[in-house]
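To keep things clear, I will list the structure first and then write my remarks on it.
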Amino acid sequence: MSLADELLADLEEAAEEEEGGSYGEEEEEPAIEDVQEETQLDLSGDSVKSIAKLWDSKMFAEIMMKIEEYISKQANVSEVMGPVEAAPEYRVIVDANNLTVEIENELNIIHKFIRDKYSKRFPELESLVPNALDYIRTVKELGNSLDKCKNNENLQQILTNATIMVVSVTASTTQGQQLSDEELERLEEACDMALELNASKHRIYEYVESRMSFIAPNLSIIIGASTAAKIMGVAGGLTNLSKMPACNIMLLGAQRKTLSGFSSTSVLPHTGYIYHSDIVQSLPPDLRRKAARLVAAKCTLAARVDSFHESTEGKVGYELKDEIERKFDKWQEPPPVKQVKPLPAPLDGQRKKRGGRRYRKMKERLGLTEIRKQANRMSFGEIEEDAYQEDLGFSLGHLGKSGSGRVRQTQVNEATKARISKTLQRTLQKQSVVYGGKSTIRDRSSGTASSVAFTPLQGLEIVNPQAAEKKVAEANQKYFSSMAEFLKVKGEKSGTMST
């Protein structure tokens, strides 16, 4: 029988064997079964050795002796050649890893034995110190004398100051009875056995951790030496582990059974050793399943590297672990802050001006005149002259009424007067100067002045109003003209110049 077959034969649960042996098949997860406790512990015995038999077993002594033997030897990486399962030390590592589980069960049995025996002396201590090892150390320290709770330095190394104060107050009012010397001796024996088993468990952990760095260095870096040894033992060796897909590696060590009478709500389906490893448990609960899938995928790669004895220094393992931690940090990052978009620039279109000097003058110029106001005004209760629509057109209102007795005169309003721009005024002024024209701007004459005159003799006579001015201008052009120049005249005979 090969070593892999022996490891498979050592598995306790047949369901785990099926799970470890099926790689590509996806079979439906069976319902959680109720199993009865196989052995009913008889705690009425006088000695703890009658119920806790692991300490005196031959298997425990052989494994611990081999562990001490291999610890004394210096491990060498070059000794690990070929399949890891063929290494002589590999079997010891797997057995030692399985032994830690049995030690945990044995410690629970001893704790229950001590609790039942010591409840005669101090029944309240069980509720004050819930931890099993702390309870065992406290019982060994107190013994039959509960006054040791006060000012005890050894007890301060076991319990916190607040717990010590509560224990001392409760011990002063307890209704417990004194233990006999024989009962106290049996309790001390049970306490010593529990503490020695706990020390052996830590010794096994140190050994497995030191040796897993040579057998599977990359896998140990990712999930730790203890978890790596557990999944290797369940899978049947490193070679079988390297052949398994990540979805099956994640389920190795899944608890699919529970004791009868206990609730199954706390049992997490599809969770194994990887889910309960430190690297996954360090995350919030809502990310642990996702993290377990990621770690299982990286463990598959690391196991394949270790099975071929590559990257013995763990370089690949450190790279995979860094990648896992980066993804963990990315998952736990807070969501990005929503970018506040600025408001778009408003459309500066032409807006209606509602004030200002220019606007007020424009309203005066384009506003309603008095005539238009009179035309728009109507009297209440009076019949209009055009009420029967005899004339086509708009009604004239008050403007069309007769007999008002007032003479309408055109009101000259500076605001409504026609305006000429300054540029046009300068242009007209230049034209009047050049062409000698006359205008109301140049001369203060009436704008109705005309060259047509009415005389009693001839009737209608056309008169040039500029004739007099023209005569004066012609006279001045001879001698007093501003345009006169010197003229050079050559004489016919003498050749003299005259002006």
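Each residue's number is its place along the chain shown, starting with 1.
Note: Cβ is positioned from N, Cα and C throughout, glycine not excepted.
Checked against Swiss-Prot, the range among 85-120, 265-300, 445-480 recorded as coiled coil is 85-120. In this structure, Cys247 (site 'Interaction with U4 snRNA') is part of a helix by DSSP. Of all the modified residues listed (Ser379, Ser395), Ser379 has the fewest other CB atoms within 10 A of its CB. Sequence-distant contacts of the coiled coil (85-120), counting only residues of its own chain at least 6 positions beyond either end whose CB sits under 8 Å from a CB of the stretch, comprise 2-4, 7, 10, 41, 43, 48, 51-52, 54-55, 59-60, 63, 66-67, 70, 75, 79, 126, 132-133, 135-136, 139, 176-177, 179, 183, 186-187, 190-191, 193-194, 197-198, 200-201, 204-205, 207-208, 211-212, 215, 226, 229-230, 232-233, 237-239. The recorded positions examined here are Cys247, Lys471; by Cβ neighbour count within 10 Å, the least packed of them is Lys471. Across the structure, Ser379 (phosphoserine) and Ser395 (phosphoserine) place their CA atoms 12 angstrom apart.
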